[in-house]
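Now, the feature entries from Swiss-Prot:
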- CYS24, CYS27, CYS40, CYS43: Zn(2+) binding site (BINDING)
Amino acid sequence: MAKKALVNKAARKPKFAVRGYTRCNKCGRPRAVFRKFGLCRICLREMAHAGELPGVQKSSW
């Protein structure tokens, strides 16, 4: 889990727009966040395997 101070800092609007960044809504991780879901790759994978994300399925070809 991310530190609460860093999560709160990311939630504030930055002075300059380019300084803003996304964080995972579930765990607060700052890297590898999918904008469509608002989740990091780890949480996205866990929730997809658990069937908590409708329309997401494991690819197979």
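The backbone N, Cα and C atoms fix where each Cβ goes, glycine too.
CYS40 (Zn(2+) binding site) falls within a strand when secondary structure is assigned with DSSP. Among the binding-site residues CYS27, CYS40, the residue whose Cβ has the fewest other Cβ atoms within 10 Å is CYS27.
According to its DSSP assignment, CYS24 (Zn(2+) binding site) is coil.
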